[in-house]
Amino acid sequence: MSKVADALKLMKDEEVEYVDIRFTDPRGKLQHVTLVADLVDEDFFEEGFMFDGSSIAGWKSIDQSDMKLIPDAGSVYIDPFYAEKTLCVHCNVVEPDTGEAYSRDPRGAAVKAEAYLKASGIGDVAYFGPEAEFFIFDDVRYSVTPAKVAYQIDADAGAWNTDSEYEMGNLAHRAGHKGGYFPVNPIDEAQDLRGEMLSTMKRMGMKVDKHHHEVATCQHELGLIFGGLTEQADNILKYKYVIHNVAGMHGKTVTFMPKPMKGDNGSGMHVNMSIWKEQALFAGDKYADLSQEALWFIGGILKQPSVNALTNPATNSYKRLIPGFEAPVLRAYSARNRSGCVRIPWTESPNAKRVEARFPDPSANPYLAFAALLMAGLDGIKNKIDPGPASDKDLYDLPPEELAAIPTVCGSLREALEELEKDHDFLLAGDVFTKDQLEGYMALKWEEVYAYEHTPHPVEYQMYYSC
């Protein structure tokens with residue numbers, strides 16, 4: 001049975017009332033439109049749905065606004081939150097007059113990256129295993145006006161609430177700053193909430209394996225089992241969707257901001273990657289039982305600081321990428337060592353041999369981030385880029401002279417965009433990314449840089465008001 005036939009059968013079996021077609025904007029925010037299920041038949045999956053592309057930031061001008069969404073029948077699932085039974089499906093964006101993929105469609109770049117891998121002859125499939133962290137709060141307020149620039153967060157579980165007064169008393173069990181990794185409840189107060197999130201994902205057909213409290217106060221992570229590049233990018237969007245909505249049902253609010261508060265660890269999105277061509281391409285007899293291709297793949301990722309513009313695309317990303325908070329700052333690699341940008345997780349099975357990029361964060365558009373990482377790695381294999389010797393020391397404690405010899409990740413979104421402007425040819429291979437797409441993306445991100453740089457910050461009042 002075809003994927004379209006499977007989707008239509010699911011609609012019938014589940015007595016679906018509506019079909020929610022979904023796609024992402026360049027920043028990675030999920031967008032949707034809901035159709036009456038009676039309008040969705042076999043032809044719909046081929047002909048798609050017209051929409052106004054000029055209303056999506058960074059896409060079409062109003063005089064060329066018509067765009068078309070083509071549903072991917074292999075991506076369907078039943079929405080767990082809507083009151084009426086609704087089938088959801090992820091879409092690719094195409095030009096209505098030619099039927100060709102729209103050059104700025106993020107999902108289209110992911111699909112093309114997978115096709116490019118196969119066409120290159122290097123591998124048949126790339127597997128991705130992202131690990132996205134997040135914070136759960138009870139109350140978040142912020143203001144950005146000429147007279148007030150401020151934010152305030154609160155959570156009963158927050159380490160700062162040890163002396164707060166509560167109507168039923170302060171029970172005092174909390175994860176302290178940098179003290180949240182793995183204690184049981186009552187310190188881990190979100191056990192049941194995370195369990196509900198994970199169970200919801202299972203009911204949607206997602207492959208999951210675990211959940212736990214993370215290092216920072218109020219910080220958490222759920223585990224996704226690895227899958228194909230586009231599939232896992234879809235899953236990260238579903239992951240965020242479920243977490244936001246389950247938290248909201250319990251009066252909580254979630255953020256995937258990389259660094260929502262000072263003085264504690266930020267949220268990363270570590271990305272595990274492997275390539276298969278009949279067998280695991282990364283298993284071998286080199287360092288850490290890696291193959292030569294795996295080392296070149298690492299070399300490609302470490303060579304390209306411009307990747308940061310796609311894997312760490314927020315001004316806030318670079319408040320996480322600083323020493324002292326378990327975030328990778330140095331462009332180095334090691335087996336098991338978590339202080340470098342790339343880690344080789346220990347495993348007994350050659351089939352599980354993989355590399356882990358530790359610098360990405362969950363503010364990234366997963367389609368663009370995963371495609372960029374794959375393209376950088378493939379560029380490393382094609383050009384046999386040597387990653388240099390592994391760094392098996394604690395990179396956080398290196399003496400200054402050794403530290404100075406190791407290149408770093410970008411220090412700001414401005415720097416990352418400048419690197420991307422200078423060096424992006426590896427992304428253009430196979431037309432996976434296009435110049436038009438990168439230019440549109442960078443224009444949006446430069447707007448964010450200017451907004452951030454031109455807004456006075458409260459700490460500037462603390463440091464300079466009395467000058």
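Yeah, the Cβs are placed from backbone N, Cα and C, and that goes for glycine too.
Copied from Swiss-Prot, the annotated features are:
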type	residues	note
BINDING	GLU131, HIS270, GLU356	Mg(2+) 1 binding site
BINDING	GLU133, GLU214, GLU221	Mg(2+) 2 binding site
BINDING	ASP209, ASN272, MET273, SER274, ARG338, ARG343	ATP binding site
BINDING	ASN265, GLY266, ARG320, GLU326, ARG338, ARG358	L-glutamate binding site
DOMAIN	14-98	domain 'GS beta-grasp'
DOMAIN	106-467	domain 'GS catalytic'
MOD_RES	TYR396	O-AMP-tyrosine
Give me the DSSP three-state residue breakdown of the domain 'GS beta-grasp' (14-98), ordered helix, strand, coil.
18 helix, 35 strand, 32 coil
Measuring Cα to Cα, tell me the gap between ARG338 (ATP binding site) and GLU326 (L-glutamate binding site) in whole angstrom.
8
Of ARG320, ARG338, ARG343, the binding-site residues given in the record, which has the fewest other CB atoms within 10 A of its CB?
ARG338
Between GLU133, GLU356, which of the binding-site residues has the fewest other CB atoms within 10 angstroms in the structure shown?
GLU356
Return only the integer: C-alpha distance in Å from GLU214 (Mg(2+) 2 binding site) to ARG320 (L-glutamate binding site).
15
Pull out the recorded positions from the set ASP209, GLU221, SER274, ARG343, TYR396 whose C-alpha sits within 10 Å of the C-alpha of ARG358 (L-glutamate binding site).
ARG343
If you draw a 10 Å sphere on the Cβ of MET273 (ATP binding site), how many other Cβ atoms land inside?
25
What subset of the recorded positions GLU221, GLY266, GLU326, ARG343, TYR396 lies within 10 angstroms of GLU356 (Mg(2+) 1 binding site) at the C-alpha level?
ARG343
